[in-house]
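A.B. asks: Before anything else, here's the structure in question.
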Amino acid sequence: MKFEVTILGSSSATPVYNRNPTAQLLNCNEKFYLIDCGEGTQQQLIRYGFKANKIDFIFISHLHGDHYFGLIGLLSSLHLNGRIKPMVIFAPAALADILALQFEHSETVIRYPIEFVAVQADEPRQIFENADLTVETIILNHRIPCTGFSFVQKKRLRKLIVEKLEAEQIPIEYYPMLKRGVDLDLPDGRVLLNVEYTTDSERPKKYCYCSDTLFDESYFETIKGCDTLYHEATFLHEMIDRANQTHHTTALQAAQVAKDTGAVKLLIGHFSSRYKTLQPLLEEARSVFENTELAIEGNTYSI
């Protein structure tokens, strides 16, 4: 099953050096989840070949503009392009009022349903579930209420050993039960032990998205053992005082988070506009956690 994330924006407060404010597109089994929606997200979707109408779920971490200023334009364009299926938005409660005010003063009546789910930044909780994954909030430490999001795949059905089933002429009507892990007694007296005709599916993967936050061990438990951790790394560690003042994280600290929580891979992003080249941030992070990559816009990373 496909489980991957494409970086649409990796800059911090402002667009600079061909980097855009934060936005990511998560693909889980060809269902698309937009994570934050900074200015320019629509154009980035077009640039990298994604159809905005395939997005059915949007997750907004907090109400600093670089994480949601692209949302009103995206929702409006979907309206103009004839969308009729619902859109579900998970975000701080005040965003519903902000969107309503913008639509009111532009005299826009969106033709498709928007379901708004208010996200509270008080304690981790599951906010979404479907057949493919669950989503849990990560309570971050920023200047305003802010949540990250943990996307966890559900365990898939077992894989059939089709060659063996066909060789023994097992009727296909028994396949679904075998995939669910059931042992079977056939009418002809044969007993099918599930473990002999199936193999285990791939281990479910976990993607954790930590947007703006101080280095704070309080959220470590929620993100333990993730396969890919995206963590903001706004500054080099020489700017630690500035990071603390603005409630952000350094590249060194982001790497320490990955190390301390047992992540397999680290993606760093939310780069300050003071850095034209990002290599020093990458090198600093890799000095603590080797399996680190830069969140480069247009790149897709397998979870």
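Cβ coordinates are placed from backbone N, Cα and C, and glycine is handled just like the others.
Automatic prediction, not curation, is the source of TrEMBL annotations.
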A.B. asks: So TrEMBL lists ASP66, HIS67, HIS270 for Zn(2+) 2; which of ASP122, ASP132, ASP212, ASP216 goes with them?
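C.D. replies: Of the residues offered, the record points to ASP212.
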A.B. asks: With the cut-off set at 10 Å between Cβ atoms, which of these binding-site residues ends up with the most neighbours? Options: HIS62, HIS64, HIS67, HIS142, HIS270.
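C.D. replies: Counting every other Cβ within 10 Å of each candidate, the maximum falls on HIS270.
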A.B. asks: Can you tell me which of the recorded positions HIS62, HIS64, ASP66, HIS142 is spatially closest to HIS270 (Zn(2+) 2 binding site)? Compare CA atoms only.
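C.D. replies: Going through HIS62, HIS64, ASP66, HIS142 one by one, the closest to HIS270 (Zn(2+) 2 binding site) is ASP66.
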